[in-house]
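**Student:** Residues or ranges marked as region 'Disordered' in TrEMBL: 1-28. Annotated compositional bias 'Basic and acidic residues' per TrEMBL: 11-23, in sequence order. The S-adenosyl-L-methionine binding site annotation in TrEMBL covers His37, Leu39, Gly64, Glu85, Asp113, Asn128. For 44-213, the entry in TrEMBL reads domain 'Ribosomal RNA adenine methylase transferase N-terminal'.
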Amino acid sequence: MPKIKSGASGRCRERQQQRRELKSGGGLTFNTGIGQHVLKNPLIVNSIIDKAALRPTDVVLEVGPGTGNMTVKLLEKAKKVIACELDLRLVAELHKRVQGTPLASKLQVMVGDVLKTDLPFFDACVANLPYQISSPFVFKLLLHRPFFRCAVLMFQREFALRLVAKPGDKLYCRLSINTQLLARVDHLMKVGKNNFRPPPKVESSVVRIEPKNPPPPINFQEWDGLVRITFVRKNKTLSAAFKSSAVQQLLEKNYRIHCSVHNIVSRKCFCCFNNLLCFKMSLYFLFCFIYHYKILNFEHSIGSLKDSMSCLTSTRI
């Protein structure tokens, strides 16, 4: 008889174990492809809700309620819970769990993709998010109006560490600077993969996000365009980043449009003007960085920005 390779038998046992883990006690199969990993540890659930500091008058938004382990606890603490769920099977499971109880009248279920749905008014957001929508959902939250008080969210560990990374950290990136520009972000606790059913392949963390109210007086789309260019290659200097051919073409296109809209005679030779603009862009970003994070005692940062960057403000990216 031919021998079965140990690697093949190991993979077979692993697949069988995964099939067993994908089914709950009630026979419900979870779709891990859309991030269905139900938080099963009640101690972790209670800790997350305590960190949210909910009030009896709060309206709470929950994304990805799953079978309702956290939803039931939220209903006991808050005035109303708005649960957004994509899977109709889990929607039925959630309704079944609160049916015939006083909590049923406090639950509102929104069926659909939360990224394509207009968010309702809410005071706090508490969620064990599908990890693949982490980044777009965070910015959807931060740009939501009217302002909410706080959000306590479960993320993949690496994503959570990027959210709270500080200047100089290896994980500091565009996500870090944009999130911390609009909100205060705190890492609350680590959560092991064995606290979920089925367990994900990565470790998790819980993060608290409090939006800044009022927000900084900037055009976020323009700011994000600037940050995108500066962080596209982390090992590049700012000057090299702004002198790449793609960025130069974008600068020239925007400069021509700006001149056309404001009836300004554009320069025939853009290259010299572009070199000056790239230098000013680099300087501008450096000043913004210093002022926003208060790395140095920069006494006249705002005045210097307005005086030195007058050319920049008339040419948008």
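Keep in mind that glycine also has a Cβ here, set from the backbone N, Cα and C atoms.
Automatic, uncurated: that is what TrEMBL annotation is.
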**Student:** Please list, in sequence order, the residues in the chain of Asn128 (S-adenosyl-L-methionine binding site) that are at least six apart in sequence and whose C-beta is under 8 Å away from its C-beta.
**Tutor:** His37, Val38, Leu39, Gly64, Gly66, Met70, Met154
**Student:** Measure from the Cβ of His37 (S-adenosyl-L-methionine binding site) and count the other Cβ atoms within 10 Å, all protein chains considered.
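**Tutor:** For His37 (S-adenosyl-L-methionine binding site), the 10 Å Cβ neighbour count is 23.
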**Student:** Taking only the residues the record lists as binding S-adenosyl-L-methionine, namely His37, Leu39, Gly64, Glu85, Asp113, Asn128, what is the largest Cα to Cα distance between any two of them, in Å to the nearest whole number?
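**Tutor:** Spelled out: the longest distance between any two Cα atoms in His37, Leu39, Gly64, Glu85, Asp113, Asn128 is 20 Å.
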**Student:** Of these binding-site residues, Glu85, Asp113, which scores lowest on Cβ atoms within 10 Å?
**Tutor:** Asp113
**Student:** Rank the binding-site residues Leu39, Gly64 by the number of other Cβ atoms within 10 Å of each Cβ, and give the residue at the low end.
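**Tutor:** Checked Leu39, Gly64; of these binding-site residues, fewest Cβ neighbours within 10 Å: Leu39.
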**Student:** Looking only at the domain 'Ribosomal RNA adenine methylase transferase N-terminal' (44-213), what is the model's average confidence as pLDDT?
**Tutor:** 95
